Amino acid sequence: MSILILLESPGKISKISSILGKNYVVKASMGHFRDLDPKKMSIDFDNDFEPVYIVTKPDVVKNLKSAMKNIDLVYLAADEDREGEAIAQSLYDVLKPSNYKRLRFNAITKDAIMSAIKNAGDIDKNLVDAQKARRVLDRLFGYLISPILQRQIGGKLSAGRVQSVTVRIIIDKENEIKNFINKNADSSYFKVSGTFNGAKATLHESNDKKPFDLETAYKGKTAQIALINSENPNSKVVNFMKRCLKSQFFIHSVEDKMTTRSPAPPFTTSTLQQEANRKFGMSIDSTMKTAQKLYEGGYITYMRTDSVEISAEGHRDIKKIITDQYGADYYQKNLYKNKAANSQEAHEAIRPTHPELLTLEGEIEDAYQIKLYKLIWQRTIASQMKPAKIKVTIIQISISKYVEDKLNPFYYFQSQIETVVFPGFMKVYVESIDDPDTDNQITKNFTGKIPTVGSKVTMEEIIARQEYMRPPPRYSEASLVKKLEELGIGRPSTYVNTIKTIINREYVKITDVPGIKKDITIYSIKSENKKHIMEVYEDTDTILLGKENKKIVPTNLGITVNDFLMKYFPEFLDYKFTANMETDLDYVSTGTKNWVDIVQDFYDKLKPIVDELSKQKGLSQSSERLLGEDNDGNEITATKTKFGPVVRKKIGDKYVYAKIKDPLTLDTIKLSDAIKLLEYPKNLGQYKGFDVLLQKGDYGFYLSYNKENFSLGEIDDPEDINLDTAIKAIEAKKANNIAEFNLTENGKKIKAIVLNGKYGYYVQVTRNRIKKNYPIPKDLDPNNLTEQQILSIISVKKTYKKSAPKGGSKTIRKPSQTKYSQTKSTKSTKSTKSTNKKFVGKSAKKTTKKTTKK
């Protein structure tokens, strides 16, 4: 009997062929090979919204039909989710096999494949309908709304049923951050920490605001010593530090309590994406591609799932590994409950297919596959282990001055020491956390002796650091997936494409957020060689409040599109509406609801709005506002474009534009603000017949000259930039230019420049306004390169991007300390810091700043 197995992806062919042997022919459909015609709506409205498909990969279909000749049985073995079921249906519709069965497996192992063959069935029409409904809903939303966007805003704009809501989520977060900063821009306080006998401690303030009562004084929360609105705003914290100078520190109480920490469930798609991002910095796309390879290699189960269940076979294998590797005392069968409504579609969590394979080192060479497999193995094994037992010791430390004088507010230090009594699952794996700062004040693996109540402890240091209220963090790819999952928007198979799409459409971007510079003050007392030094040191520092790396932020275009959609289609961008639609699709997948009814209801709500808007003109009402005129009589206005809010100045027949940036808005900007924004580009004069323009970018000042940009190096003060300094910068860069080539690459004309840089010779090429640098091999002479050699150099995939931003690099200044001391012979003496503020102390040193991020 001749049998043909049709897979979804070619990466599985080799593994499955090796399992089944020569009697089976194994081919792949290369994913979806038919789709809706992109040039048409491709929906039959007279036939219950039935999609009208076209074959998009005719060569694939031709090859599969050829493979079917002389075949007795065809197994449709696409993946076991909605998309896979739709591909299986497409294979049946297009190839029309006379004898077929639907083959489903979630792991590429011999046992899984043979079991799937034994239990082969039919195509699940409910899953097919659920995928069909999603595809039709997405097409209706995109093809009905996108033309309105293009007509009203301009450009090749498009809307997406899930993508547009995802953009809204990101914009809502950005607005939340802006509102927080506007409300709390200057809200700061001092947070005090200390180290006593080697253990970390945090200052606490008593909740008791009544007259001092020793019985209730030590019931409090982490202290935040506020600044005072006066000539000496830090006096409150300074007075606290002075009292610490005069104090001794005693153990008020020691309390032990036992707690347990339970393991996390095995991975779903979204939790794997989040953890790989936190631990390895992997993008969700990279994570899924790596997991796909592991699945195709037979190392893990299917990677698109929102189930946390493990099969009976999996439990059996995991139990053996735990008892063999760690002992029977560590094993505990844990059953986890699925949260997702449609998790019945994916039968198992992501786990190793052969947990006895502890590592892939020596099996494969790909470092990412090795790392990701280890992570999946650890999480899976840990999920079936006993909870960790941890002894938490809470130590309260009294400050003698506050006890003796019965001061209010009453302060004391509290230390938390965690000792692992039984590691349990933590012997294998500990889940990462999004905010490591929450763990910073806990002393772990403490080896010192726990002091007794009433004993005196050695103060090693006390640090009072000014802190600003931190805005909520922006979304990373992983945390956005988590948010989508929490809201019930999208499914495991859609997360990657959703985020990819809104980035490609330039509605959002992944970027580094520079943060807002804030000057802070730090006071410290340090004890050296266990001697109590009666001195308070003052440092100044500069933090970058809200600085974040690789976060998703909306673009001006995304904000403009979102504003339009929120104005005219608010129901369709509502979180609950979109989540309810996902739930309805889940009901379709189980046969509880009919897909046509869901699409009809959606269409009946959307079509009247589209029809009404299509009749109207000028929906995007002009937001232009006349601000006034500059000194030369040029009219200046503030307006909104598809790229965001701008100010513009009319000079003759042309307009000069400048972006309106935070904290300014279209409504709050004034004429004086606009004049400053429009100050650049500034014409410094001409050099060799071309204008030299001073430009101001996101990273500082730079020059534009003869269609090229030039860095100004360390110069960041516009007052220091004139035509002479500009010419020097231009000539300095040109001195490094060895040769220029006008080439043709893939039918397109490009310009290549041979340069001598800081790290050696390289070729710089600009494609689509993006510069890329290619190192020149050492065996080539950079002064005598041919066009063919240049083309060969720039065809190498490995590149490095030019890292220096326009305007040059920023200088980070180093800190020093100002010392204030409390002498033993007198109660107070005078001291000053470099800013001429006076504090108690005996000496002062020059204070400078450093920049850190927060």
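Glycine is no exception: its Cβ is also placed from the backbone N, Cα and C atoms.
Residues or ranges marked as active site, O-(5'-phospho-DNA)-tyrosine intermediate in Swiss-Prot (evidence: sequence analysis): Tyr302. According to Swiss-Prot, the feature Mg(2+) binding site maps to Glu8, Asp79, an assignment based on similarity to another entry. Annotation source Swiss-Prot lists compositional bias 'Low complexity' at 814-834. For 835-854, the entry in Swiss-Prot reads compositional bias 'Basic residues'. Taken from Swiss-Prot, the feature domain 'Toprim' applies to 2-110. Feature annotation from Swiss-Prot assigns domain 'Topo IA-type catalytic' to 124-610; the stated evidence is sequence analysis. Sequence annotations record features per position, and here Swiss-Prot assigns region 'Interaction with DNA' to 158-163. Here Swiss-Prot flags 802-854 as region 'Disordered'. What Swiss-Prot records for His32, Arg134, Arg135, Asp138, Tyr143, Arg304, Arg505 is site 'Interaction with DNA', and it gives similarity to another entry as the kind of evidence.
Feature map: annotations from Swiss-Prot on the structure.
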{"residue": "Glu8", "record": "Mg(2+) binding site", "contacts (Cβ under 8 Å, 6+ apart)": "Ala28, Ser29, Gly31, Ala77, Ala78, Asp79, Gly84, Ile87"}
{"residue": "His32", "record": "site 'Interaction with DNA'", "contacts (Cβ under 8 Å, 6+ apart)": "Thr56, Glu83, Ala86, Ile87, Ser90"}
{"residue": "Arg134", "record": "site 'Interaction with DNA'", "contacts (Cβ under 8 Å, 6+ apart)": "Arg82, Leu585"}
{"residue": "Arg135", "record": "site 'Interaction with DNA'", "contacts (Cβ under 8 Å, 6+ apart)": "Leu36, Pro51, Ala86"}
{"residue": "Asp138", "record": "site 'Interaction with DNA'", "contacts (Cβ under 8 Å, 6+ apart)": "Gly160, Arg161, Val162"}
{"residue": "Tyr143", "record": "site 'Interaction with DNA'", "contacts (Cβ under 8 Å, 6+ apart)": "Met41"}
{"residue": "Arg505", "record": "site 'Interaction with DNA'", "contacts (Cβ under 8 Å, 6+ apart)": "Leu157, Ser158, Gln163"}
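A helical conformation is recorded for Asp138 (site 'Interaction with DNA') in the three-state DSSP classification. Counting every protein chain shown, the number of other Cβ atoms lying within 10 Å of the Cβ of Arg304 (site 'Interaction with DNA') is 26. Secondary structure at Tyr143 (site 'Interaction with DNA'), as computed by DSSP, is helix. The Cβ neighbour count for Tyr302 (active site, O-(5'-phospho-DNA)-tyrosine intermediate), using a 10 Å radius and every protein chain shown, is 26. Counting every protein chain shown, the Cβ of Asp79 (Mg(2+) binding site) has 24 other Cβ atoms within 10 Å. Sorting the region 'Interaction with DNA' (158-163) by DSSP state (H, G, I as helix; E, B as strand; all else coil) yields 1 helix, 0 strand, 5 coil. With DSSP classes pooled into helix, strand and coil, the tally for the domain 'Toprim' (2-110) is 39 helix, 28 strand, 42 coil.
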